[in-house]
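See below for the structure under consideration.
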Amino acid sequence: MDFNMKKLASDAGIFFTRAVQFTEEKFGQAEKTELDAHFENLLARADSTKNWTEKILRQTEVLLQPNPSARVEEFLYEKLDRKVPSRVTNGELLAQYMTEAANELGPETPYGKTLIKVGETEKCLGAAERDFIHSASINFLTPLRNFLEGDWRTISKERRILQNRRLDLDACKARLKKAKAAEAKAAVSSPLIIPHNAQGLALLSLESCWGKDDRRAEQELRVAQTEFDRQAEVTRLLLEGISSTHVSVPDPLEDSDTDLKKNSSFPSRFPGTFVGNTEPASSPLSSASLATAAATIPVVPTVAGIPATGEAAISLDDVAPPASGTRKARVLYDYEAADSSELALLADELITVYSLPGMDPDWLIGERGNRKGKVPVTYLELLS
């Protein structure tokens, strides 16, 4: 194999010079070129971004796939550029077991009906989990991995080059300083004389060599300074580009959060209810039966000064429930009140409900203790 010995020797010399400079700096025996405050802030911000990105990425992977063996398997598939096999979520597996158990024990029995109904809901939960994992992996984890495997690798490479350029620059400064010190010392100890013999000629020759060493050190310093400044500018631009990463990441993060809220919207995704009674009357009311259900709720007579139409104009503080005939309702799902006119709900709690003239049939008035407000019918199971 043909080796370029001159290049090999040159590289070894450069490596040795950098190692000596680095070691002397660590022991405080050599001066070090300091970067400006803005550059140091950019470096600190980049390191912080990288560290937190790694932590968020690892914890998100744990959240999406708690099984460490499965995570290792998926990592190997990705490194081998092979498609990760599809996995059944825990909810989907539970739904499968419940459905099979219901079919074997009797789908027409109360227990079998309950298993089927719960299995359907667990299947929807599993599908929602699968959708969320897929969406989070694409929309959130992919930008984080792209930053660590792309942008950060480039930044790290340029930072290493900048560190080498800085070591070269400081080594040149040290050589020039030593050359000037040696020249000054020689000038003091050996003043210039007019040569009349061979010894005088040797003295002038030695001083000429010292001058050449000085000029060569100055030339090397100018070259090292130019290369350092050029590399510092390249690194600075890359570090400032991290700000664009901070701007682009929130978009996929917000998309993942939106998908999570969408998938956790129980009334729109999960059919039926599985608590207690398994008869059709226990199911959440369909859109077609909302008007019929609302019609069975006792109607409070119109209060003087309160309009009969337009629920937004109703003052709930002035409305009293009917003396008799109010109905109890069990809350099926948690509900967060959108404003002060609505009543926040907790799953499985019992509240009193009734209707007002002109109200939207999709809404009722709910009372819990001394609190009252509008509640959506789809979140309730009306009890007799």
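Cβ coordinates come from backbone N, Cα and C, glycine included.
According to TrEMBL:
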type: DOMAIN; residues: 24-294; note: domain 'BAR'
type: DOMAIN; residues: 324-384; note: domain 'SH3'
For this session: Could you tell me the mean pLDDT over the domain 'BAR' (24-294), as a whole number?
Result: 79
For this session: Could you put numbers on the helix, strand and coil content of the domain 'SH3' (324-384), residue by residue per DSSP?
Result: 3 helix, 29 strand, 29 coil
